[in-house]
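Below: the structure, in structure tokens.
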There are 2 protein chains.
Amino acid sequence: MSVTAPQGFEAAGVAVGLKSTGKPDVAVVVNRGPLKVGAAVFTSNRAKANPIMWSQQVVQDGVVEAIVLNSGGANCFTGSFGFQTTHQTAEKAAQLLGVSAGDIVVCSTGLIGTGDDVFRAKVLAGTEHGIAELSADGGEAASLAIMTTDSRPKRAVAERDGWSIGGMAKGAGMLAPGLATMLVVITTDAVLDAAQADAALRNATGRTFDRLDSDGCMSTNDQVTLMVSGASGITPDFDEFAAALAEVSQDLAKQLQGDAEGASHDITIEVINALSEDDAVEVGRSVARNNLFKAAIFGNDPNWGRVLAAIGTTDAAFDPYDVDVWMNGVRVCTAGGPDRPREDVDLTPRATDLLIDLKIGAAAATILTNDLTHDYVHENSAYSS
Amino acid sequence: MSVTAPQGFEAAGVAVGLKSTGKPDVAVVVNRGPLKVGAAVFTSNRAKANPIMWSQQVVQDGVVEAIVLNSGGANCFTGSFGFQTTHQTAEKAAQLLGVSAGDIVVCSTGLIGTGDDVFRAKVLAGTEHGIAELSADGGEAASLAIMTTDSRPKRAVAERDGWSIGGMAKGAGMLAPGLATMLVVITTDAVLDAAQADAALRNATGRTFDRLDSDGCMSTNDQVTLMVSGASGITPDFDEFAAALAEVSQDLAKQLQGDAEGASHDITIEVINALSEDDAVEVGRSVARNNLFKAAIFGNDPNWGRVLAAIGTTDAAFDPYDVDVWMNGVRVCTAGGPDRPREDVDLTPRATDLLIDLKIGAAAATILTNDLTHDYVHENSAYSS
């Protein structure tokens, strides 16, 4: 059900030929209210796609009526023509829904630098077609239409006492902080105001999507949007809502990790006993971005030397000669030297746990990443050709 | 001839079984004077190998008598036993050469976390054996003994009017700023004092080895050492010497790039019209470290969108919508949109030129990198197993 699990939402996913495969490529999600609250976080990449620049303006007033998403083209670096395509998409949706274009969020994903008049015509047709097909159980169709190289749709729902949160996500590469080629739409029928929605969303993304760093590459098009209908009539405790939103976000983030392009291991990097959470994040990220470590995990090689070499490039507080490293429950390095033998570590399961004990404080953070594989290279060397 | 091209140096390379292949694995280079001036730069990784910690002390007084290098083991994270191995290596060389152990630089390269008593015995035997075989034309043998996954030795010589500079290098992966799994020894028979040697070396490495960023991974063992014999009796103009040293350094850096593990393209990233040189370096490095861009080049795909997405993650001064990108002489992006068609770019040659025009200032920098290939993943997933 994804985004249509909560009351007050309709969605659709349609095919208009943006994908050469003929699969669905335009999704629409509409908030039927009574509230029309929206919040969003965007990529921190300074090279922003046209739909990002548009949508950043849309969410400023905390009102979002609907969101139109297309796969099959990022509409990034497509000049003023591309921005007009985004604008016309919002105008088209607004006209058909009888609302203001300034309350329509637009998202695009696909190849950068493409977005000609054929692209525009298809996106506009998809917007019209999608709105005609809106239904209260269209969440599944919408989640299929936003897929690019994803092998499966990503959906999550959290049910609470009389209210719920639903979400869908796409993304399978370019997963990195400040978000990734990741589009996420989350809906709720709980009652929240715009400030609460924004605060809960920033809290959730900061510790979930922002800590998914599959390949260190940051996208130009990333966006996570929360839409609030309030249709349940229930006003949950804020902390309870924030926790449920973080749960849905983490569920989707793990699904993104599990479907990352070409990956054969889902690596959970847990950094403990850091002096600060920032230090823990920095250390975890440095390992998550180390190609030599990632290639070693692909080879089922518990090469802890590469972990320490990666940590050593950070400014975090720690003593390189007093760090413990555990892989899948086996302490392979302690106090600047080898501990248990490499042979004791079984890296054949897809789920891989790396625990780094900095032994200098009490803060912790977890970063999710993937290994570096032949398939990753293959998929990303052939994507646009 | 490499390090024995200049007068006043002897070298050797011997095999003592550190490499399972039986190939040469210990090299010795000795400065016969009359000057015994030395300078070195080291990895900026905080996780430093034992030979780095030792050698940093050795070069502090500007005197280096000899250098002992081994492949087949990095002697990093091997505890105090490993540090004693380095110390004993220096003591052994000093005793045999009749000099102070405090003037013997030691370098190691190979797998992190290995360095037991068998390793120690072999390194000590290699030191003894190498010193017994020293000769004035041993530079070639020495350059072979420091190879690890290198497919060929790296050597360079600059001849000037009565004096010369010679160098050797090893390194084929983990090439990144702050140096890489890169060991370099450079010799000269020009007359320089310790301060001049240090200044010339820092100038040269800062613009050559430090701008080689093959895979973004920084080693624990990197070191570039300059040894000055003064045997030519000629005191060159400092700027002339610095230029010759930079020439030899760049020659070796390009050989390292050309032999990087698994690479199929040598990519020269030239950033021009930046506001500052630091900005140009930051922009170049962000592209050099972008796996999606590197995989695209492997696939001969002129995916300029990934270049802009990488630049967008930096803090450099520029307008993302007023940047030009050229690939192998073809302007594929200008002013935030596509320019010449992708099909016009021929990426089949190994030498690949990426030119990024930031159009905001007058500074420039060049970063050398490689593509991300199946072979890179293969070699680095199987290295320690």
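Keep in mind that glycine also has a Cβ here, set from the backbone N, Cα and C atoms.
Listed in TrEMBL for this protein:
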- B:Thr148, B:Lys170, B:Thr181, B:Glu261, B:Asn380, B:Ser385: substrate binding site (BINDING)
- B:Thr181: active site, nucleophile (ACT_SITE)
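Feature map: TrEMBL annotations on the structure.
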residue  : record                 : CB count, 10 Å
B:Thr148 : substrate binding site : 21
B:Lys170 : substrate binding site : 27
B:Glu261 : substrate binding site : 27
B:Asn380 : substrate binding site : 28
For B:Asn380 (substrate binding site), the three-state class that DSSP assigns: helix
Where B:Thr148 (substrate binding site) falls in three-state DSSP terms: coil
Interface-adjacent binding-site residues, chosen from B:Thr148, B:Lys170, B:Glu261, B:Asn380 when a CB lies under 8 A of chain A: B:Asn380
Coarse DSSP state, helix versus strand versus coil, of B:Lys170 (substrate binding site): strand
Coarse DSSP state, helix versus strand versus coil, of B:Glu261 (substrate binding site): coil
